[in-house]
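Engineer: Pasting in a structure now, in structure tokens, and then I'll have a few things to ask.
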Amino acid sequence: MPIIRVALNVPVDTLFDYQAEDASQHDIGLRACVPFGKKQVTGIILAVSDETQIPVEKLKSAYCIFREIKPLPAALLDLFHFCSQYYHHPLGMVIMNGLPVKLRNNKPVSLKRKPHQYQYSLTSAGKNVELTQIPARNRVARRLLNEFQQAVTLTNPQIKHISPRAEKLLQDWIQLGWITSELCSASTAARVAKTPVLTAEQEIAVNAITAGGKQFNTWLLHGVTGSGKTEVYLRIIESVLAQGRQALVLIPEISLTPQLEGVFRGRFSNVPLVSLHSGLNDTERLTGWLQAESGEAKIILGTRLAVFTPLSDLGVIIVDEEQDSSFKQQDGLRYSARDLAIFRARQNAIPVILGSATPSLESYYNALTNRYRHIRLLSRAVQNATLPLIQCIDTRIHKNQEGLSDPLIQALNQCLQEKHQSLIFINRRGYAPVLLCKSCGWTAPCQRCSSRLVVHLRDKKLRCHHCGHQEQFPRACPQCGNQDIAPFGQGTQRVEETLTAHFPAARILRIDRDSTRRKHAWQEILHAVHTHQVDILIGTQLLSKGHDFPNLSLVGILNADGALYSTDFRASERLFAQLMQVAGRAGRANVAGHVLIQTEFPDHPLYQALQRHDYDALAQTLLAERKIAGFPPYVYQALLRAEAHHIKTVLDFLAQAAQLARPPQAVELFDPVPAHMSRLKGLERAHLLVQSSSRKHLHTFLTGWYAKITTLPSQKVRWVLDVDPLEF
Ligand SMILES: Nc1ncnc2c1ncn2[C@@H]1O[C@H](COP(=O)(O)OP(=O)(O)OP(=O)(O)O)[C@@H](O)[C@H]1O
Ligand SMILES: [Zn+2]
């Protein structure tokens with residue numbers, strides 16, 4: 001009887017054999033439901049054979065093989081194999097991590113076809129309804145009517161964006177005879193956007209990449225903020241679509257998806273596009289995945305996980321904001337979607353484009369050493385739009401009142417008078433308001449993490465931003481009994497209060513994790529900014545990326561100094577990228593941009609380079625430092641991470657692992673040390689670093705070492721190898 005060899009989602013690096021009487025070679029890549037211990041689990045068939053090492057009496061039979069969808073394509077299985085080898089992670093877990101949840105279930109896949117889309121418009125009766133006829137408290141109804149009055153027709157997704165409740169209202173209004181519906185065709189569902197004439201620089205970029213044709217190349221598209229990298233992507237995609245092939249576009253964060261999706265749908269209104277991000281439910285994700293696999297979807301836009309989408313005829317991969325750390329998964333399988341994208345491009349013999357205004361030092365170095373092809377865009381795409389003027393405000397001279405200096409207040413004031421928008425950016429990495437006792441210095445700690453609790457003024461709560469723990473404000477200092485404990489440092493809420501006091505008439509909008517948690521919050525925020533319903537935006541890193549706010553002229557930056565002297569060797573690189581990004585939000589269209597950085601160190605080389613928009617100067621300095629210190633990109637690193645309830649358990653485990661290692665000369669092994677966040681969610685964490693200037697030597701060593709570590713007793717320890725770690 002045939003034997004199937006199945007990859008399962010279990011933490012051991014082996015396949016499991018089962019009997020399956022109806023199996024054949026055609027079943028490789030299909031899902032099989034099998035018994036595992038007392039459980040029933042589903043895995044992927046990776047081989048079908050006549051033989052097995054398992055004694056007959058122990059060999060179990062598979063329950064069934066699911067054949068309702070096609071097997072996973074061989075190229076995707078190759079990608080999983082590579083990923084498992086490179087990241088030293090069990091193959092079954094790699095595969096299951098990369099598949100939609102619905103394919104991990106013990107159930108066959110059933111898919112309903114998408115219902116037809118309708119579009120809705122006001123009838124003549126509906127046109128006579130006035131906004132004031134609807135009571136002001138029915139906010140959703142008012143907004144819906146307002147949207148209809150402006151947009152002529154609306155589709156279901158657009159209505160859903162307004163509010164989930166709007167759909168219910170719609171039905172009522174159809175009953176009332178205010179609204180009619182008709183089936184929409186693809187061409188009417190989207191407005192077709194105009195195609196701009198390329199700038200000379202964009203044209204050179206597009207020509208170079210398309211001339212590179214159907215062969216593997218990694219292109220670093222290195223263009224200043226606002227240089228029109230998106231337009232370059234669009235043109236490349238256009239040529240790929242003309243060949244009937246698919247384009248995979250990877251983007252950092254969910255917050256950007258709707259905006260980019262809009263741009264793509266606007267340009268390619270008749271081209272099927274799927275968007276794969278963490279905001280989808282399981283069915284939506286599976287549907288998108290299947291459309292990509294069948295070749296029905298031509299453009300696949302997605303975050304990190306989309307790199308594992310099966311694509312039948314891939315023509316190009318684009319990784320936008322390639323330096324963004326969200327491309328690296330920070331738990332379980334710690335893969336880098338950017339690096340896997342490069343593997344996939346090589347596998348498919350197609351170009352991959354890494355786009356950024358501030359490339360990661362790794363990519364920049366690869367471009368300098370000709371491993372990547374380097375294309376620069378040095379000026380902004382919109383005519384007459386120039387890079388913003390960046391200046392420092394020396395806070396040793398200009399004292400802060402509640403965090404804002406006089407020159408910044410004045411600039412905000414002027415911006416308001418000119419009816420332009422401004423943005424206050426608060427660097428939050430390692431800096432958030434804490435509760436401080438001024439008499440003994442006590443600050444509220446998280447009981448489960450080595451971090452301080454963050455003050456949330458609005459609901460008078462203390463929250464841990466790592467584990468989510470929350471508690472009430474204490475009435476007095478638990479250490480000395482002093483009643484005068486107050487928030488120290490600024491968060492977005494505190495700055496909002498200060499700004500409201502200064503500019504009572506201004507419309508201020510705060511954007512942070514709290515205000516964007518709701519499902520359509522981002523769309524609403526972006527809409528409000530674009531239609532100038534906001535004068536001053538306050539936000540954190542969420543705001544720095546990729547947004548195009550044409551009327552924004554002033555950016556104020558607070559609390560950036562902390563990262564200048566961080567112990568993390570990547571802190572400067574990240575800070576520079578982030579400040580460049582956020583500064584890049586100003587002056588993108590016809591209004592001139594001005595950026596003010598409040599700092600105690602205006603002469604620091606990082607701020608100096610920033611003021612000159614000189615990425616290269618800073619990158620060269622940082623590369624020189626890294627070379628001397630022996631840091632990436634001059635070495636390749638891996639971390640053995642471990643965590644347990646007691647630090648001794650963790651350190652003992654790491655010490656044993658170190659004992660098992662027999663690193664060759666080319667590989668350096670360091671001592672175990674506590675992690676930067678040494679306690680997280682109640683677990684103690686430590687790690688052990690290995691590095692080498694040779695990637696090959698490092699990986700040969702890791703393969704042997706990994707096998708030995710798996711033999712260690714580790715019931716009380718959770719451990720993982722983190723290859724090319726970004727965080728320590
Ligand atoms: N050839 C062009 N002619 C006129 N306008 C253009 C052209 N190309 C792009 N633009 C416009 O320039 C603006 C900036 O483009 P885009 O957002 O693509 O820049 P970017 O390089 O991605 O910047 P960032 O790195 O800040 O995200 C957009 O408003 C876009 O519509
Ligand atoms: Zn915590």
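The backbone N, Cα and C atoms fix where each Cβ goes, glycine too.
According to TrEMBL, the record shows the following:
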{"type": "BINDING", "residues": "Cys437, Cys440, Cys477, Cys480", "note": "Zn(2+) 1 binding site"}
{"type": "BINDING", "residues": "Cys446, Cys449, Cys464, Cys467", "note": "Zn(2+) 2 binding site"}
{"type": "DOMAIN", "residues": "210-377", "note": "domain 'Helicase ATP-binding'"}
{"type": "DOMAIN", "residues": "472-629", "note": "domain 'Helicase C-terminal'"}
Engineer: Any idea what DSSP makes of Cys464 (Zn(2+) 2 binding site), helix, strand or coil?
Structural biologist: coil
Engineer: Excluding Cys437, Cys440, Cys477, Cys480, which residues of the same chain place their Cβ within 8 Å of the centroid of the Cβ atoms of the recorded Zn(2+) 1 site?
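Structural biologist: Same chain, not in Cys437, Cys440, Cys477, Cys480, Cβ within 8 Å: Lys438, Ser439, Gly441, Trp442, Pro478, Gln479, Gly481, Asn482, Ile485.
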Engineer: Do you know offhand how many angstrom separate Cys437 (Zn(2+) 1 binding site) and Cys446 (Zn(2+) 2 binding site) by C-alpha?
Structural biologist: 16
Engineer: When you tally the Cβ atoms that lie within 10 Å of each candidate's Cβ, which of the binding-site residues (Cys446, Cys449, Cys467) has the highest tally?
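Structural biologist: Within the set of binding-site residues, the most crowded position is Cys446.
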Engineer: Filter the candidate list Cys440, Cys446, Cys449, Cys464 of binding-site residues, keeping only entries whose CB is under 6 Å from an atom of ligand 2.
Structural biologist: Cys446, Cys449, Cys464
Engineer: Using the Cβ centroid of Cys446, Cys449, Cys464, Cys467 as the reference point for the Zn(2+) 2 site, which residues of the same chain not in that list have Cβ within 8 Å?
Structural biologist: Gln447, Arg448, Ser451, Leu453, His465, His466, Gly468, His469, Leu680, Lys681
Engineer: Can you tell me how far the Cα of Cys464 (Zn(2+) 2 binding site) sits from the Cα of Cys477 (Zn(2+) 1 binding site), in Å?
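Structural biologist: Cα-Cα distance, Cys464 (Zn(2+) 2 binding site) to Cys477 (Zn(2+) 1 binding site): 18 Å.
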Engineer: Of all the binding-site residues given, namely Cys440, Cys477, Cys480, which is spatially nearest to Cys467 (Zn(2+) 2 binding site) at the Cα level?
Structural biologist: Cys477
Engineer: Using a Cβ cut-off under 8 Å and a sequence separation of 6 or more, which residues in the same chain sit near Cys440 (Zn(2+) 1 binding site)?
Structural biologist: Cys477, Gln479, Cys480, Asn482
